[in-house]
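> Questions regarding the structure given below will be posed in turn.
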Amino acid sequence: MPPVPLAPYPTPPPPYTPPANTAQSQLVCSGCRNLLLYPVGATSVCCAVCNAVTAVPPPGTEMAQLVCGGCHTLLMYIRGATSVQCSCCHTVNLALEANQVAHVSCGNCRMLLMYQYGARSVKCAVCNFVTSVGMSTSAVDQKA
């Protein structure tokens, strides 16, 4: 009996790439927190990983994002919200607009720190140094 020739494996289809002229947007899956891409105009998106259906905010809604202070998950929320509850660890995070925060360099390690406008001091998460952020430039700093 002659040997049977083997057929080559079929080549896998190329990965899907949307047409260049199709506008897309993105949001975070309400189930598994993966980033989802969807065509502009969609009202909801079904996640291919966990099958959760996430509602798309109405057109023109400005979105913002922050990192949860409890579990470090990226959270997306409607701009203007004052607080955002994490769906993973249920921590309620303060959502500050850019004009409600200020920046200062740590008085010890020079790390750039962000703090709520009006605060008297800010503690560095890297070295635990407490930097005073009053009106005076000769603010007294202290170790925590």
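Just so you know, glycine gets a Cβ as well, placed from its N, Cα and C.
Taken from TrEMBL, the feature domain 'Zinc finger LSD1-type' covers 29-53, 68-92, 106-130.
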> Using a Cβ cut-off under 8 Å, which residues of the same chain at least 6 positions beyond either end of the domain 'Zinc finger LSD1-type' (68-92) come close to it?
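The answer is 27-28, 30, 33, 57, 61-62.
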> Over the domain 'Zinc finger LSD1-type' (29-53), what is the model's average pLDDT?
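Mean per-residue confidence for the domain 'Zinc finger LSD1-type' (29-53): 89 out of 100.
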